[in-house]
Amino acid sequence: MKLKDTLNLGKTEFPMRAGLPTKEPVWQKEWEDAKLYQRRQELNQGKPHFTLHDGPPYANGNIHVGHAMNKISKDIIVRSKSMSGFYAPFIPGWDTHGLPIEQVLSKQGVKRKEMDLVEYLKLCREYALSQVDKQREDFKRLGVSGDWENPYVTLTPDYEAAQIRVFGEMANKGYIYRGAKPVYWSWSSESALAEAEIEYHDLVSTSLYYANKVKDGKGVLDTDTYIVVWTTTPFTITASRGLTVGADIDYVLVQPAGEARKFVVAAELLTSLSEKFGWADVQVLETYRGQELNHIVTEHPWDTAVEELVILGDHVTTDSGTGIVHTAPGFGEDDYNVGIANNLEVAVTVDERGIMMKNAGPEFEGQFYEKVVPTVIEKLGNLLLAQEEISHSYPFDWRTKKPIIWRAVPQWFASVSKFRQEILDEIEKVKFHSEWGKVRLYNMIRDRGDWVISRQRAWGVPLPIFYAEDGTAIMVAETIEHVAQLFEEHGSSIWWERDAKDLLPEGFTHPGSPNGEFKKETDIMDVWFDSGSSWNGVVVNRPELTYPADLYLEGSDQYRGWFNSSLITSVANHGVAPYKQILSQGFALDGKGEKMSKSLGNTIAPSDVEKQFGAEILRLWVTSVDSSNDVRISMDILSQVSETYRKIRNTLRFLIANTSDFNPAQDTVAYDELRSVDKYMTIRFNQLVKTIRDAYADFEFLTIYKALVNFINVDLSAFYLDFAKDVVYIEGAKSLERRQMQTVFYDILVKITKLLTPILPHTAEEIWSYLEFETEDFVQLSELPEVQTFANQEEILDTWAAFMDFRGQAQKALEEARNAKVIGKSLEAHLTVYPNEVVKTLLEAVNSNVAQLLIVSELTIAEGPAPEAALSFEDVAFTVERAAGEVCDRCRRIDPTTAERSYQAVICDHCASIVEENFAEAVAEGFEEK
């Protein structure tokens, strides 16, 4: 036997290298085979409910890192709730209707307008479901736990029926109406868009300054006067029916030198406009208040059949332009509102594809709207005063990335204005984890217009509306519920398969259809109405969930999307918000803080991370960032997170190895019998348990990460485990001192594994498989550790906090001695302490082997004053010299008692007593040489 064999060197097969990319799928298959998700739900039956309702990602393509961050965050919350006494099922979902899928099929060569619609919709459905399957595997590979076999999908008959019923309730309350208001119109999608489908980009446009000649000055202006107008959308002049001025803005009538014409502009802008137009020696003839110009009539710049009326509008400013805007009610919300108030014609001169129509005039007909500027300039002639290119923020279709226009077309609307205050009142009752989120949603609802819910597309849920022979729209409870039942039984494709009369209840009649003839609506619903109905299609309809849901968690873009549409439909139906809490996240940016895009080549696919590092590293990364704001991710950042993971793993490996001979049922030492330092570590760890439990409850992942890493690095590695080897390796295997420390090791190991489970389930299960004395076969079926209360815990914490200060001072003294070449390692030191009464009392209270805690071979508490050479602090001073004696071959301490023993071992008296007591046979035979 060799002397080293008398040491209790920790033994474990738990590998240092995690091998996550290959091991994770093995664990995941084991969980699936064991029906772990279902077992967890059964275990929690009857406990308080917690419903995190999954916002449905769009079923198109593999998931990106933003999806991963979102789903991992949800998984951490649901797992922590499940381990904290809550029944917390998780039903993942997918959003499956809409334009992107139509675009994919178009790229694949499918021609929608050349094939049977029902066949086309079947292709859309098949593609959508294939993407659901693809993303389901992506999410499962992240280790996300949920009811993957029974997700919700917005194209299933039960969901579509629930959506129709949401619409029906809104129709019954009078919240649905048809109107021809201007809406966001995407010529690239050939459809109306909701606000949530708009994103803003910078666009360079040609802006024109031109003049309308006064036709009837109403006794205020002469007919040789021209009103100067500014526009950034020249194509809309073809539909201009008025000029809007600000009632309280001052306008001036001016005549530049050498110019026969007189012009009207805003007084505040005269100087800048004179420079722009090249006007010199401008004479101000008169000043008018805007309201004095009301109802003056001007000529259209080129269309002699059209008169343009001067009207008043609150939206006119003097921030730019001329203080006067032309008004085309068919092409803008403000224009429409003031136009209707003044009985202006709502002219629309652009078709659904962005092509100028016949009513725009023969010179314009057939041109794309963006290309008409040269024709407009030609038509304006000498009425054009200036033109310039401007860059401004402009709305784009978020899917096609093409600019959109405002365009008045008959659409179906949900009247938010009828119940706006109810919605705002409900927002006040919701808990927002970011106060700015509440303000943002509140302001959006307060300021938004009515919701255009109709779309001129094919792949979506039909609007359940019929038309009588006289054109009356029919949407009554009887017909809508009948359609809902048909959808529930056959799916929404039946709308396209059957004639209108076969979609109505048997025997249905209407006074507007004396001949019994009916037509059906061909528009479909906005996809935000699809996902915005999920509270009904899922949360209400699934018995395991509770409505309103406890939490909605999505990206911050969903304040204008899913948070918004869900809130509107839920309040419209039931008068309550669909969620009790909202937690929003920022976007995942690259390592430099730039937005990720394929064109820049700076994207990170979750699958690439899984192959290089493993999903655990992505999961740990999610907790390492403040996801309430935009976050950064790169392979370098993940590499740093991987180092943190390695530190966590190796620390826990040390605990596993050094409790391998510990049976908790037989070897646990009662708390009251622990050494002071072990009690301290137990209490410190209990503080960590509380911090982490509280942070899980508040969804504060970064707090968990920081607290965990700090505990492992500072409390364990830099202190407790630093001197632990002097105990667990050196002392007798069954000695009280070793069992005391193992008791703490094992307690921390078991509990920290449970605390880590929501974040690192793969690693936690791997550790758990080495804990043979724990009863649950999976750690995921256990509960998070409870926070305990210990006698005198505050006093113990105060004592050891003071000791840590003392230890820091001692380490400075040792460092100085090391720099002066007095010692090499700290074990070579004899440390003499010159304490005042406070420190002396402290060291007595610590009641421990202080030399062992400081990892020095000898420590002396001296009486009297410290020598001049000592390193002095306020309460204590230190001197350091080399310890007397020889190095013990077993414990490596320098000890005066170290000597060669009769059994061929050069060891100190302390080690000799351990060896002689525990290894009598080896002592009798003598040890082998080193």
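Backbone N, Cα and C atoms are what each Cβ position is placed from, and that goes for glycine too.
Over in Swiss-Prot, the protein carries these features:
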MOTIF     57-67  motif ''HIGH' region'
BINDING   E554  L-isoleucyl-5'-AMP binding site
MOTIF     595-599  motif ''KMSKS' region'
BINDING   K598  ATP binding site
BINDING   C888, C891, C908, C911  Zn(2+) binding site
CB neighbours of C888 (Zn(2+) binding site) within 10 A?
-> 24
E554 (L-isoleucyl-5'-AMP binding site) and C911 (Zn(2+) binding site), compared by Cα position, are separated in whole Å by 61
Sequence-ordered list of residues in the chain of C891 (Zn(2+) binding site) that lie 6 or more positions away and have a Cβ within less than 8 Å of its Cβ, or none, is D726, I730, I907, C908, H910, C911
Across the motif ''HIGH' region' (57-67), the model's average pLDDT, rounded to a whole number, is 93
Same-chain residues at least 6 positions away from K598 (ATP binding site) with a Cβ under 8 Å from its Cβ, in sequence order, are none
The motif ''KMSKS' region' (595-599) resolves under DSSP into 0 helix, 1 strand, 4 coil
Counting every protein chain shown, other Cβ atoms within 10 Å of the Cβ of C911 (Zn(2+) binding site) number 26
Neighbour count check, CB within 10 A, over binding-site residues E554, C908; minimum at E554
Surrounding the recorded Zn(2+) site, with Cβ no more than 8 Å from the Cβ centroid of C888, C891, C908, C911 and those residues left out, we find I730, D889, R890, R892, R893, D895, T898, I907, D909, H910, A912
Residue counts in helix (H, G, I), strand (E, B) and coil for the motif ''HIGH' region' (57-67), per DSSP?
-> 3 helix, 1 strand, 7 coil
What DSSP gives for C911 (Zn(2+) binding site), in three states, is helix
